[in-house]
Amino acid sequence: MKLSELAPRERHNFIYFMLFFFFYYFIMSAYFPFFPVWLAEVNHLTKTETGIVFSCISLFAIIFQPVFGLISDKLGLRKHLLWTITILLILFAPFFIFVFSPLLQMNIMAGALVGGVYLGIVFSSRSGAVEAYIERVSRANRFEYGKVRVSGCVGWALCASITGILFSIDPNITFWIASGFALILGVLLWVSKPESSNSAEVIDALGANRQAFSMRTAAELFRMPRFWGFIIYVVGVASVYDVFDQQFANFFKGFFSSPQRGTEVFGFVTTGGELLNALIMFCAPAIINRIGAKNALLIAGLIMSVRILGSSFATSAVEVIILKMLHMFEIPFLLVGTFKYISSAFKGKLSATLFLIGFNLSKQLSSVVLSAWVGRMYDTVGFHQAYLILGCITLSFTVISLFTLKGSKTLLPATA
């Protein structure tokens with residue numbers, strides 16, 4: 001529905017939650033892309049220790065993700081979860097500067113566990129809860145979720161360049177900016193009125209909201225061969241790629257005259273890539289509708305394999321910049337392809353549980369195991385040799401997935 005056709009309250013909610021997405025993903029971008037750089041340069045962690053931190057974050061994401069999904073479904077349009085995450089984000093700078101960093105330098109395991117709890121709650125688990133809540137608000141207030149979500153891409157892209165510049169001056173500046181923007185999130189939550197209309201409540205009562213996780217549907221999935229075929233792809237391709245990307249920033253900045261210059265360029269490339277990602281995301285549903293979800297996942301796997309293997313042979317800054325930009329082509333095919341594959345290859349009632357177990361939890365569980373091992377490999381054989389091994393793994397599993405993923409001759413609507 002057009003913005004002009006919305007009621008005043010609905011129009012206000014559209015604006016409030018568009019801004020909420022912008023500032024939330026701005027804050028997330030202050031953490032995620034440059035986190036391995038912060039661990040290495042500020043806290044002097046080895047690549048093995050960095051892998052341990054990532055493993056802990058994934059571990060606590062596994063613990064909290066299902067819990068927050070259930071709580072989110074129970075709360076509906078009430079703002080309790082968003083208030084909790086906003087308060088925790090206000091503490092972003094104090095936590096990183098006065099708690100997380102000293103703990104990491106004093107005891108790596110204590111720091112990894114405490115940081116894993118905080119980051120696993122605020123970002124790895126809660127980002128899904130934020131997305132689900134605002135999607136629910138969009139249905140209750142008759143505006144399109146996708147139009148609101150684009151502002152998150154813009155916030156992420158803008159912060160990447162700012163952080164790349166400020167990191168060379170003082171990383172703490174970015175953390176304080178993030179905490180300040182979290183205060184704005186609080187104001188936006190305070191003024192928003194996301195209560196649904198009567199008709200929306202009826203739709204909600206009829207089960208239009210996403211199905212909650214249940215052990216019965218999980219057990220039904222485990223008996224399906226096509227479920228395990230999908231798991232093979234997620235664990236062998238998508239999960240390995242995520243672990244590869246965790247410390248790519250440290251590899252990237254090594255190709256420049258100084259680490260500071262490398263960090264700045266990494267920020268600019270991330271910004272350009274994120275804007276390109278948003279553009280491709282608009283086109284991806286129509287493309288995937290034409291080629292099919294299985295082929296979309298295979299193309300994503302091929303792009304991931306090319307990027308990892310290409311990185312193992314990269315010798316110049318230009319090459320790593322081009323390889324970094326490939327990430328923005330892979331993401332739309334992976335995300336949209338996953339949703340379309342789930343909807344075409346499985347029963348509708350299984351889709352939510354399948355996405356939770358088959359995609360999110362399996363990726364996080366794989367990351368718990370792989371992150372520390374890959375970090376250790378970086379320290380022992382170096383980035384190039386490790387990337388060659390990881391690239392061969394993803395390429396092999398992409399080929400295997402050609403036979404284990406289920407194809408579908410039925411084309412889906414061109415909406416993600």
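Any Cβ shown, glycine's included, is placed from N, Cα and C.
According to the topological domain annotation in Swiss-Prot, H12 and K74 sit on the same side of the membrane. In sequence order, Y241, A300, I303, M304, R307 make up the list of same-chain residues 6 or more apart from E330 (site 'Proton translocation') whose Cβ falls under 8 Å from its Cβ. Of all the recorded sites in the record (E131, R149, H327), the one with the smallest CA separation from E274 (site 'Substrate binding and proton translocation') is H327. Around R149 (site 'Substrate binding'), the same-chain residues six or more apart in sequence whose CB sits under 8 Å from its CB are F21, E131, I134, listed in sequence order. Across the topological domain 'Periplasmic' (35-50), the DSSP tally of helix, strand and coil residues reads 12 helix, 0 strand, 4 coil.
Distant neighbours of the transmembrane segment (296-316): 233, 237-238, 241, 244, 248, 251, 255, 284, 287-288, 323, 326-327, 329-330, 333-334, 336-338, 340-341, 383-388, 390-392, 394-395, 397-398, 401-402, 405; these residues of the same chain sit at least 6 beyond its ends, with a Cβ under 8 Å from one of its Cβ atoms.
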